[in-house]
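Input: a single structure, listed below in C-alpha cells.
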Amino acid sequence: MEETGNPHPYVPTDLLLPDYVPPFLSQSAILCIYGVVSLVVVSTVWISSGFSRKIAKLDRLLLCWWAFTGLTHLILEGYFAFAPEFYKDKSGFFLAEVWKEYSKGDSRYAARDSGVVSVEGLTAVFEGPACLLALYAIATRKSYSYILQFAISLGQLYGTAVYFITAYLEGDNFAASPHYYYAYYIGANASWVVIPSLIALRCWRKICVAVNVADQKKTKTKTR
C-alpha cells in the first residue's frame, strides 16, 4: 500500500508528513510571542548589566547578544533537534508551533533533513552552553573572554555557511513562497552572519593587540 501524508503548506507538495497537524497559532501570534520573550530577555540583561560600572556599553550589548543567541540555541534549536515529530503536535506547544511556521521558509526542518538536524543538534549541545559561558566571561572579565567569543562566532559562521550551502546544492527550493523565503530563510538567519562576523573581527584585533603587548614585554625583559 502506498504511503500517504496529510495535506500541508510546505514545498515540495509531495513531501510525506504522516499525521501532520496544522499550527494552532497564527503567524502574527507566533512572531509576537517570540518577539516579546526575546525583548524581555535582552532588556533584563541590559538593565541588570547596567548596575556594574565596570562593564562598557559595547560589552553590555554583547551580553545581550550572547544571552539571546545562547537561549535560542539551547531552547529553540534544542527542541527541534530532539523532537523529530514536532509537526504532529496536537497540544499547541509553542516551540512546535514555531517550527511548523518556520518550515514554511525551509521545509527541510519538517522533513528532518539529516544535514539540518546535524547542524542544529551540534549547535544546541555545544554552542548554546558556550554562549552562556561567554556571557559569564564578559560579565566577570575573564581572560579567556575574547578567544571564547572568537571560537563561538567562527562556529556560528561555519554552521550558517553549511546551512545555506547545503540548501543551494539541493536546489534551494524549500520555501512555500518568496515571502517566507526572504522573511524566514534569509531574514531570520542574517543575524547569525552579520553579528558573529563583527564579533570575530573585534576579538581577532583584541587578541592580536594582547599578543603584541606580551611580545614587547618579553623583548624589554630580555634586553635588560
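Quick reminder: no glycine exception, Cβ is built from N, Cα and C everywhere.
Taken from TrEMBL, the feature transmembrane segment covers 24-49 (among others). Long-range Cβ contacts of the transmembrane segment (24-49) within its own chain (Cβ-Cβ under 8 Å, at least 6 residues beyond either end) map to 55, 59-61, 63-64, 67-68, 71, 92, 94, 97-98, 101, 135, 139.
The feature domain 'EXPERA' is assigned by TrEMBL to 58-200. Under DSSP, the residues of the domain 'EXPERA' (58-200) split into helix, strand and coil as follows: 111 helix, 0 strand, 32 coil.
The feature transmembrane segment is assigned by TrEMBL to 61-82 (among others). If you look at the transmembrane segment (61-82), the same-chain residues 6 or more away from its ends with a CB under 8 A from one of its CBs are 38, 41-42, 45-46, 49, 55, 95-96, 98-99, 109, 117, 120-121, 123-125, 127-132, 134-135, 138-139, 149, 156, 192, 195, 199.
Positions annotated as transmembrane segment by TrEMBL: 121-139 (among others).
Annotated transmembrane segment per TrEMBL: 146-169 (among others), in sequence order.
Positions annotated as transmembrane segment by TrEMBL: 181-201 (among others). Within the chain carrying the transmembrane segment (181-201), a Cβ under 8 angstroms from the stretch's Cβ atoms is held by residues 62, 65, 69, 102, 104-106, 149-150, 152-154, 156-157, 159-160, 163-164, 167, 174-175, all 6 or more beyond its ends.
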Local confidence of the domain 'EXPERA' (58-200) - pLDDT mean: 97
